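Copied over from TrEMBL:
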DOMAIN    19-85  domain 'RNA polymerase sigma-70 region 2'
DOMAIN    114-166  domain 'RNA polymerase sigma factor 70 region 4 type 2'
Amino acid sequence: MLIVQRLKREDISALEEVYNKHFARVYSIAFKYVRDDYLASDLVHDVFIKLWKNREKLSEELTLDHQLFVITKGIVIDYLRKKVREEKLLYDYQTTLEEPEEDTKNDLRNSRLRKMYSIIETMPKRQQVVFKMIRLEGFTYDEVAERLNISKNTVSNHFTAAMKFLRKKIYFLFF
């Protein structure tokens, strides 16, 4: 029986086989674009989660390699787009704090940024510290882990939670 058919029949051992066989390739594609070991691994896991969740949609005509490539490409592109949006938002935030202007448009922007900063201040303390170190001070996950004497995985968990918290709260500021 083809591996795709086994996946469609919810055969978890088929997923394990696919994961073991294709992890290295999917990881190398993700790493090529994000250049961060932990993040690439995280994206790889997202790829296999998406593969499993969408197993009914898998094509038996296309190779599994090709389908994994398409899923990986989509997840990496989504991540990069999200990162660009977040960086633009934070850049705007930092720029506005450094060079406030007086017109109405910028007053509204400043007001939103002050609210955003106050939202950051309401995060749990560890998430707040990790978020500020990574986004505002430019530290890497490794540097944050070393300075706070915590694992890189813990840094990632705090940062991910902080970003989810911020996205949820910021949505109401802008929409």
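Keep in mind that glycine also has a Cβ here, set from the backbone N, Cα and C atoms.
Since the structure is predicted, the reported quantities are computational estimates derived from the model, not experimental observations.
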Reported in the order helix, strand, coil, what are the DSSP residue counts of the domain 'RNA polymerase sigma-70 region 2' (19-85)?
-> 58 helix, 0 strand, 9 coil
If you average pLDDT over the domain 'RNA polymerase sigma factor 70 region 4 type 2' (114-166), what do you get?
-> 89
